[in-house]
């Protein structure tokens, strides 16, 4: 049993990856599933599509590896966070589609909670803000809108879960109704300080306690899968939400270690150790993966438009044919020629929180070329990430020593060099950038004794390339000041003549 199987259940596809003991990928399979948009702002998945696609990828990955379930030491699960499922305990059938994390239908419920003055209490207890993003209001909406659901919940006939819980229920044919701390901490119902479901928050949202799963550490022997699914029973040893799993897969085990995932947006997590830091900069505090008896926390922030700015260069401006071409175009000029690109197409997120901000390209001159604009677009990803990381260090009151990176845009050397220059710390790209799935595998391995400790995993983590800062701190501060000036311009109250 020299292998680990990781299930990576994402927003648009399900994946399964077989890792060997060295954390290398032996085989992988991926399957997309349909997205449903019944109304503007609504996003749903059919939970049965999620389950069938996930099971199919497990079988395909094992087949590709020419291995069976009996060759796997354990199974780890990582998942899109906050997405909410309610199902019948007797049949395992969902009573409604899964309401996805992007879905905004619960804004009215959130507005009511804010009007009741609950914002401060929610932030203190959960580390989160009242927002449709999190699971609690989605669960409330399903109970309000499905006939008889609230009565059935009171009778103990229904179960709620995030995607990890739903998959484990199916994998064990209803024997286990569980989740881990990292997923529980995204529900608005879990108190990150007591490590328990919070009775007051459940009352505020009118949620019956019988709906909720049991919460365990992320690395834990949860139980075994039913032998019929994969030909032999498999120990479920790891569960974690995708961003926390990536932090674990990057071996960011000590306070002050941070990772940034450069995808369509950017997700940054900073390990704050055994301290849940209350942010003064609009970031959220969340449970990180727990692999032993000690609780672990992280600060989290996100940039709305990261790699998406490159898609806009391709599809909106038609400046490039493929996203990968951006690096060559940006490298055709020595710098951005004074151009600053603020890609606030959907407002500005942390640490600015300005939903009305619009995008802008500032500092154009007669000598500006498409190369300068491409370079400024890439630089915008690093500027936003730097502003966010600076807010994190102010909150955590401790310095970040290096930034570990993953995600699609982390393949871009120009971006990572500029990121290191702005931050003044090394930026490190690992050999294995499938860090989300790797985190789930590591957790499962630690729970089952396949790995002895986090230290063994940390020794295994390897850098592929480290980018060291080459510009002076004065120059970096000057560049950040240019960025902040450009941001101030997009936030000016605009006069459109009405």
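Every residue number used here counts from 1 along the chain in the order it is shown.
Using the three backbone atoms N, Cα and C, a Cβ is placed for every residue, glycine included.
It should be emphasised that the depicted structure is a prediction, and the values quoted were computed from it without experimental measurement.
When secondary structure is read from DSSP and collapsed to three states, residue 11 (ATP binding site) falls in the coil class. Here Swiss-Prot flags 11, 12, 13, 264, 307, 311, 408 as ATP binding site, drawing on sequence analysis.
Secondary structure at residue 242 (sn-glycerol 3-phosphate binding site), as computed by DSSP, is helix. Sequence annotations record features per position, and here Swiss-Prot assigns sn-glycerol 3-phosphate binding site to 11, 81, 82, 133, 242 based on sequence analysis.
Counting every protein chain shown, the number of other Cβ atoms lying within 10 Å of the Cβ of residue 264 (ATP binding site) is 16. Under the three-state DSSP scheme, residue 264 (ATP binding site) falls in the coil class. Residues or ranges marked as ADP binding site in Swiss-Prot (evidence: sequence analysis): 11, 15, 264, 307, 408, 412.
As annotated by Swiss-Prot, glycerol binding site applies to 81, 82, 133, 242, 243, with the evidence given as sequence analysis. There are 25 other CB atoms within 10 A of the CB of residue 81 (sn-glycerol 3-phosphate binding site), with all protein chains counted.
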Sn-glycerol 3-phosphate site span - longest C-alpha distance across 11, 81, 82, 133, 242, in Å: 15
Sn-glycerol 3-phosphate site shell beyond 11, 81, 82, 133, 242, criterion: Cβ within 8 Å of Cβ centroid: 79, 80, 83, 100, 101, 186, 241
Binding-site residues compared (11, 13) - the one with the fewest other Cβ atoms within 10 Å: 13
Whole-number Å value of the largest CA-CA distance among 81, 82, 133, 242, 243, listed as glycerol-binding: 15
Shell of the glycerol site beyond 81, 82, 133, 242, 243, same chain only (C-beta within 8 angstroms of their C-beta centre): 80, 101, 186, 241
Of 12, 311 (the binding-site residues), the residue whose Cβ has the fewest other Cβ atoms within 10 Å: 12
Length of the line joining the Cα atoms of residue 264 (ATP binding site) and residue 412 (ADP binding site), in Å: 14
